[in-house]
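J.: Before anything else, here's the structure in question.
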Amino acid sequence: MCMVIFAPLFAIFAFATCGGYSGGLRLSVDCVNKTESNLSIDIAFAYPFRLHQVTFEVPTCEGKERQKLALVGDSSSSAEFFVTVAVFAFLYSLAATVVYIFFQNKYRENNRGPLIDFIVTVVFSFLWLVGSSAWAKGLSDVKVATDPKEVLLLMSACKQPSNKCMAVHSPVMSSLNTSVVFGFLNFILWAGNIWFVFKETGWHSSGQRYLSDPMEKHSSSYNQGGYNQDSYGSSGGYSQQASLGPTSDEFGQQPSGPTSFNNQI
C-alpha cells in the first residue's frame with residue numbers, strides 16, 4: 001500500500017524539482033572609467049543544464065569593447081537521465097496502482113503479473129540508484145560552474161586590480177538539492193518493495209514448498225517409528241503380564257493333592 005501511495009508522489013517531486021528548474025546569478029564589473037562599467041550582468045540557466053551554451057557579455061574596461069563568455073560544463077546527460085527515470089517510474093507506478101485495485105484477479109493469473117512486477121521493480125531500483133548518483137555528481141558540477149567566484153575568474157577585466165568585480169546574488173539551488181533527495185528516497189522505496197513483490201511470485205511459494213517437504217518427511221518417519229515402538233511395547237507388556245499369574249491348569253491341580261490324601265486315610 002505504501003508503494004501505491006508514495007511511488008507516484010515521489011516520482012513527481014523528483015522530476016518536477018529537477019526538470020522545472022530555472023535559475024541565474026548576477027555579477028557587477030566596476031571599471032576605473034565608470035562609463036565602461038556594468039553593475040548588473042545577469043546570467044540565466046535552466047534544465048537540462050547545457051552550461052557551455054549559456055553565453056553572456058561583460059565589459060573589458062578597455063574602451064567600449066565587450067567580451068563574450070560562456071559558462072563551463074555540460075550536465076545535460078545526467079539530468080535528462082534522472083528525469084527520464086522519474087517520468088517512466090511515475091507512469092509505471094500509476095499503471096501498477098490501477099492493476100492492483102481493479103484487476104487483482106488477472107494480476108495473479110499464471111504468476112505472470114507478479115513475475116513482471118518483480119522484474120520491473122528490480123530494474124527501477126537499479127535505475128533510481130544510478131540516476132540519483134549520476135545526477136548528484138552532475139549537480140555538484142553545476143554548482144561549481146555557476147559559482148560567481150568561478151565565473152568572475154573568466155573575465156579579463158576582473159584580472160586587473162584597479163577594477164572591482166563582485167557577485168550581486170548567487171543562484172538558488174534548493175529545489176535541485178530536493179530533487180537529489182527524492183531520487184534516493186525513490187531508490188529506497190523501490191528497493192524496499194522488492195521483497196514484498198517477490199513474496200507474490202511463484203518463486204517464493206516454490207521455495208517454501210521445497211523447505212517444507214523434507215520437514216514433513218522427517219516428521220512422518222518419526223511418527224512411524226514411535227508407532228512401532230508403542231506396538232512392540234504393548235505386545236511385550238501383554239505377554240509379560242500373562243506369564244506372571246498362574247494358569248488355569250495350575251488352579252485346577254491344587255485341590256487334587258488333599259483329595260487323594262483323604263482317600264488313603
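Cβ coordinates are placed from backbone N, Cα and C, and glycine is handled just like the others.
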J.: Where Swiss-Prot splits the chain into topological domains, do Lys68 and Gln104 land on the same side of the membrane?
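T.: According to Swiss-Prot, which assigns topological domains, Lys68 and Gln104 fall on opposite sides of the membrane.
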J.: From Ser174, Ser206, Ser212, name the one Swiss-Prot lists as phosphoserine.
T.: Ser212
